[in-house]
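Structure, as structure tokens:
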Amino acid sequence: MYQLNQNQTVNTPQKYRPRLALTVGDPGGIGAEVILKALADLEIGHNYDLTVVSNKNLLQETYKQLSSMENLLPLADPNLLKIIDVTVDRETARQINLGTGNAASGAASFAYMDYAIAQTLAGNFDGIVTGPIAKSAWKAAGYNYPGQTELLAQKSGVERFGMLFVARSPYTGWTLRALLATTHIPLRQVADTLTPQLLTQKLDLLVECLEKDFGITSGRIAIAGLNPHSGEQGQLGTEELDWLIPWLESERQKRPHFQLDGPIPPDTMWVKPGQAWYGNAIVQHPADAYLALYHDQGLIPVKLMAFDRAVNTSIGLPFVRTSPDHGTAFDIAGQGIADATSMKEAISLAAELVCQRLHLEK
């Protein structure tokens with residue numbers, strides 16, 4: 001049995017304790033482990049009103065298994081947590097195995113999400129922090145969503161939404177914010193999917209988020225080009241000349257409070273953020289936010305800088321949703337070595353965004 005670190009201090013509780021639902025994600029992955037590790041942190045456990053949406057037996061078995069290991073970080077005791085016990089039928093439950101995803105684990109993780117979304121839309125939670133799911137397991141269970149973000153958008157009835165990745169540097173305190181213009185689509189479809197209308201929609205969402213969630217009413221946004229060297233005057237691709245540069249000129253006229261830089265060659269756009277992450281953010285003058293045009297263009301640099309602490313934030317929803325920026329990690333499930341830093345960051349950021357939206361003191 002592992003005890004909480006008695007040297008930890010607890011801040012005075014906030015005037016308002018954000019009500020957050022924590023979904024455990026795929027029961028075959030590390031979701032239960034990182035949640036129990038995160039909730040053992042007194043800062044998190046005492047400052048926020050947290051409810052875990054999961055099969056209770058999964059949390060108890062995870063706690064029992066991991067507690068028998070030596071040199072393990074503290075774990076929250078499930079018997080002391082607020083848990084909403086969401087179960088699947090016995091036959092499905094018997095098919096769930098630690099370390100792998102299948103139709104059964106997909107059905108379970110979908111049930112956790114479905115419940116949390118319904119209760120949040122009903123006003124019983126202020127936001128959701130989602131554990132990692134396996135898209136292949138969802139598909140095997142008959143749920144054909146590209147990811148959790150798309151399910152959240154559909155259930156919320158919104159058509160405008162985006163994936164914003166947020167990370168605070170432990171070295172300088174600077175905050176990285178990177179929005180993806182396109183998300184879970186094949187690379188060969190990116191150029192045809194990108195349009196001026198789509199980028200205007202994403203830029204609208206980004207500006208609204210900066211103003212509403214981060215209190216940034218003026219600043220600088222960097223926009224990546226699509227092609228190497230941003231096309232190099234049409235020699236390496238013509239999208240920049242054909243429509244991306246004219247689109248940016250039009251957007252600059254409509255948004256005088258924000259400096260829109262771009263299209264910046266994708267490889268060099270991330271130099272200043274990298275320097276600001278590890279060095280002096282004031283000297284480097286990084287942008288307040290970055291708009292990447294496709295998934296890996298944004299997430300490779302984000303994960304290089306902040307793999308253990310980046311947070312996926314769904315913007316455009318009627319409530320706050322965050323998620324740790326890592327997957328199910330089936331290969332290390334049950335070994336006690338999963339890093340809970342990103343889950344802690346996801347919980348803390350969700351609480352901050354809830355308070356910001358409610359105009360309450362943190």
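Quick reminder: no glycine exception, Cβ is built from N, Cα and C everywhere.
What you see is a predicted model, and the numbers here were worked out from it, not measured in a lab.
Residues annotated as substrate binding site in Swiss-Prot: THR149, LYS303, ASN312, ARG321. Neighbour count (other Cβ atoms within 10 Å of the Cβ, all protein chains): 24 for THR149 (substrate binding site).
Residues or ranges marked as divalent metal cation binding site in Swiss-Prot: HIS184, HIS229, HIS295. For HIS229 (divalent metal cation binding site), applying a Cβ distance below 8 Å and a minimum sequence separation of six or more within one chain yields LEU236, PRO265.
Of the recorded residues, ARG321 (substrate binding site) and HIS184 (divalent metal cation binding site) place their C-alpha atoms 18 Å from one another. Here the CA atom of HIS295 (divalent metal cation binding site) lies 12 Å from the CA atom of LYS303 (substrate binding site).
Long-range Cβ contacts of HIS295 (divalent metal cation binding site) within its own chain (separation 6+, distance under 8 Å): LEU180, THR182, THR183, HIS184, ILE185.
Maximum C-alpha to C-alpha distance over the listed substrate-binding residues THR149, LYS303, ASN312, ARG321 is 20 Å.
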